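**Q** Feature table excerpt (TrEMBL):
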type	residues	note
DOMAIN	2-78	domain 'Threonine synthase N-terminal'
DOMAIN	94-341	domain 'Tryptophan synthase beta chain-like PALP'
MOD_RES	K102	N6-(pyridoxal phosphate)lysine
Amino acid sequence: MRFISTRGEESYVSSSQAIIRGISKSGGLYVPEEFPRLYEKIKDKENLSYEEISFEIVKAFFTDFTENEIKIAINKAYKNRFKVIEKNGFLELYHGPTSAFKDAALLFLPQIMKIAKTKQNIKEEIVILAATSGDTGKAALEGFSGVEGFKVMVYYPKDKVSAVQERQMITQEGENVNVVGIRGNFDEAQRGVKEIFGDDKFKEELLSKGFRLSSANSINIGRLIPQIIYYFYGYFQLVNKQKIKLGDKINVVVPTGNFGNILAAYYAKEMGLPIAKFICASNENKVLTDFFKKGIYDRRRELVVTESPSMDILVSSNLERLLFEASGRNSDEIKSLMKELNLNGVYSINGKYKSFLKDFYGENANTEEVYKAIKDLYNKEGYLMDTHTAVGYVVLDKYIKDTNDTTKCLIASTASPYKFPRSITKALEIDNEENGDFEAIEKLNKFCKIKVPNNLIGLDNKDVLHNFACDFDDMRQALKDFLGGKHDKS
């Protein structure tokens with residue numbers, strides 16, 4: 001399997017090359033040259049474990065790795081560290097070391113990247129850059145901490161993630177990791193990272209000092225492919241529990257920010273998994289909702305800070321990969337659309353694209369609707385969901401009312417409710433106005449008796465190791481200081 005850039009201007013690359021580079025020289029994103037029809041191959045194998053499905057999927061895409069290398073990477077990533085649970089139609093993806101769905105990919109990425117580094121005979125240290133809206137940062141730090149030959153630099157929007165998310169990052173241990181708060185929003189952090197990747201002179205300067213850049217965001221194909229796994233696993237869970245029959249189509253509901261998670265579901269369908277509709281759920285930052293309804297992508301609006309901060313995004317990077325498929329893999333068209341977005345902040349698509357996107361439904365939910373959904377579902381069924389998952393739940397209800405479609409659904413449940421405790425206690429109307437997040441965790445635990453994830457217990461008592469903040473224009477300098485050993489992290 002080879003990989004190509006959504007913006008062309010580059011020949012085919014191997015999977016190990018694509019994983020190490022993270023983003024193509026043209027600024028495009030790597031996509032597989034084809035989609036292996038894997039569903040037909042594995043559908044009759046009963047009760048495959050998560051690791052076994054992982055092996056089949058990774059092996060089909062990352063063909064320049066040996067089967068043994070893939071098995072070792074999967075075993076190190078997932079064994080006794082991560083599990084996926086289907087419950088009441090929710091696909092719980094947060095049972096990992098950072099209590100968010102990002103663990104599914106960011107436990108695996110360091111393992112496969114280590115092997116890719118050796119395969120590509122790279123002697124320099126690889127510097128992983130990540131912009132985070134909340135969960136990617138901690139998962140990347142956790143995954144790469146202590147991994148020899150790698151350094152990690154995470155940028156997050158200061159004061160625009162939950163207190164728990166921030167605390168997870170700024171207490172991260174490891175000599176090879178660093179965290180910087182950006183005085184701005186996630187889109188600015190992401191733009192800054194992309195500009196660093198696009199600065200050839202700066203990259204050459206780093207290379208001369210023994211550093212090579214790569215990415216841990218879902219723009220990296222090595223991060224995206226592992227996210228396909230849990231859709232296959234979730235589908236087979238529904239079959240095994242006799243909630244559907246093998247071959248029945250399902251709909252998937254995905255709370256969406258950067259578009260990687262829902263794109264992984266689309267890739268699963270391209271591999272044969274029986275998915276009918278992709279329900280793209282947004283919060284008040286409804287750029288994607290407007291796009292799927294009107295065919296116009298317009299980021300020219302104020303970012304709204306919401307109770308689902310990991311979705312507070314106006315530029316959804318992975319949409320480019322879907323548009324590449326919608327265009328008939330026309331890299332010139334994609335370059336033109338992305339140029340319009342960068343220059344003008346807006347682009348529109350024609351009928352060809354709209355026809356291709358007919359299986360995508362976009363809608364959004366506001367904070368009031370999210371709070372009501374959390375409270376109503378808990379009171380009715382005793383099931384507690386976080387604010388991001390609740391956005392998906394609300395949007396599914398709107399979809400059913402709009403379409404009368406009663407197809408079985410899987411809702412991607414992306415984070416533990418304990419990562420957003422003040423929002424959840426507010427939704428459940430537990431008096432918490434004056435309390436901080438960690439007091440809220442205790443109150444929530446007493447109220448609902450649901451176990452607090454181990455990684456969050458005592459988090460408020462951990463030492464703060466990273467307390468540095470900078471402006472957007474200083475992101476490069478912060479990176480140089482970290483790599484030069486000048487950063488005091490405070």
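Every residue, even glycine, has its Cβ placed from backbone N, Cα and C.
Give me the structural setting of these features: burial, nearby parts and distances.
**A** Per-residue confidence over the domain 'Threonine synthase N-terminal' (2-78) averages out at a pLDDT of 95.
Mapped onto three states, the DSSP output places K102 (N6-(pyridoxal phosphate)lysine) in coil.
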**Q** Just jot down the residues in the same chain as K102 (N6-(pyridoxal phosphate)lysine), at least 6 apart in sequence, with C-beta under 8 A of its C-beta; none if empty.
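**A** In sequence order, D135, T136, K138, A139, A140 meet the Cβ cut-off.
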**Q** Using DSSP, break the domain 'Threonine synthase N-terminal' (2-78) down into helix, strand and coil residues and give each count.
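**A** Taking each residue of the domain 'Threonine synthase N-terminal' (2-78) in turn, the totals are 36 helix, 9 strand, 32 coil.
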